[in-house]
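J.: Sending over a structure as structure tokens; questions will come in a sec.
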Amino acid sequence: MKTELTVKLHEWEQKAQKRQLRRAEASGATVILNGKPMLNLASNNYLGLADDRRLIEAGCEAMRAYGAGAGASRLVVGNHPLYERAEAALKQWKKAEAALIFNSGYTANIGVLTALIGRDDLVFSDKLNHASLIDGIRLSKAACFRYRHHDIDQLESLLKQSPPAKRKWIVTDAVFSMDGDMAPLEELVELKRRYRAVLLVDEAHSGGVFGPNGEGLLHHFGLEKEEDVIAIGTFSKALGSFGAYVTGEPWLVDYLINSARSLIFTTALPPSVLAANEAAIHIVQAEPKRRERLHALSERFRTKLKRLGFDTGGSETPIVPVIVGPNDRAVAMSEQLQEAGIAAVAIRPPTVPEGTARIRFSITAAMTEEDIDMAVDCIALAGKRIGLIS
């Protein structure tokens, strides 16, 4: 086994696809990466809440009162009253009848998809969906048809031509994590109605960022009351904490409690995390200026990059990719940016399609206009050095 896996590691290295862990300590708009302070353009901490003192104090208070860990799964003796408080806050925020917290976005997607989708169902999935959605669909053992990214015409054609099934599912990210573009939810809802399907939306990168009170993209488009729509969200990005959730009707939550294996067979979240989650939900609603600032900074950053000639794809969110192409050039650009004090990571296949390696930048409300302008100057210089722009 050692020889075989060592050969594979060497292959990845030759293709500039080998990854490594780097020591990182993030605080506000800054990250100390391998001992060097840098402007953090690689974080999903969109609203700058990860080191907000109110989340920290809520977590510390809960840890002092209730201990460091849950000690059991939710269905045994790990369902702490703080779960009820956080889920009640979720229901109020999302205007939902019921809510259920999972340990992470990955386990939420795996758990929900495998619990609800069966072998006799058909799934229609955007080709650029997150790995957790892809894995959940695979584990469900349902037949899956992948449609080209955002290609509504192809999706409708697949729905029309598909064989009879117990249930049809359309599965999509709300905001695509490597491209920064938004799912055409209004058109997907129309197809869901027309072909009597269920729409499952992963709001990981849209929760806290879009919607009147940061509820997400479904609320942004006024689709939150639509029937046969399931929304999954996370606490680990804009909300600055950890964990994930599903919101919907009571029967859905009750069914998941009894069937979602990733919920049933894992230790519950620590009380400190649950307390921070509840605090974050209230802050997101009470401080809309964080979202306003985030969108203004994102627009400033994206506009400046486009004017310089960079390809930012279809980005319309705080996630702004610069498409580079070859893996080695993306790695070289990332290294040059880090030398200049900008933390930005090269994203390569299989995370993105072959030939589309990129630097994935993400903007946060913790940044300033000066941070944005300095970053753009550094990106321009790095882009010129690798021949990406003239």
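Each Cβ is built from the backbone N, Cα and C atoms, and glycine gets one as well.
Below are the features listed in Swiss-Prot for this protein:
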BINDING   R19, H130, T351  substrate binding site
BINDING   G105, Y106, S177, D202, E203, A204, H205, T234, F235, S236, K237  pyridoxal 5'-phosphate binding site
MOD_RES   K237  N6-(pyridoxal phosphate)lysine
J.: When a 10 Å sphere is centred on the Cβ of F235 (pyridoxal 5'-phosphate binding site), how many other Cβ atoms does it contain?
T.: 29
J.: Could you list the residues of the same chain, at least six apart in sequence, whose Cβ is under 8 A from the Cβ of S177 (pyridoxal 5'-phosphate binding site)?
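T.: Correct list: H130, A204, H205, I319.
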J.: Given the binding-site residues R19, H130, H205, K237, which one has the fewest other C-beta atoms within 10 angstroms of its C-beta?
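T.: If we count Cβ atoms within 10 Å for the binding-site residues R19, H130, H205, K237, the smallest count is at R19.
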J.: Would you kindly give the Cα-Cα distance separating R19 (substrate binding site) and K237 (pyridoxal 5'-phosphate binding site), rounded to the nearest Å?
T.: 22
J.: Could you state the whole-number distance in Å separating the C-alpha atoms of R19 (substrate binding site) and F235 (pyridoxal 5'-phosphate binding site)?
T.: 26
J.: When the number of other CB atoms within 10 A of each residue's CB is tallied over all shown chains, which of the binding-site residues G105, E203, T351 has the maximum?
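T.: Per the Cβ count, the most surrounded site is E203.
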J.: According to DSSP, which of helix, strand or coil covers G105 (pyridoxal 5'-phosphate binding site)?
T.: helix
J.: What whole-number Å value do you get for the CA-CA distance of G105 (pyridoxal 5'-phosphate binding site) and T351 (substrate binding site)?
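T.: For G105 (pyridoxal 5'-phosphate binding site) versus T351 (substrate binding site), the Cα atoms are 17 Å apart.
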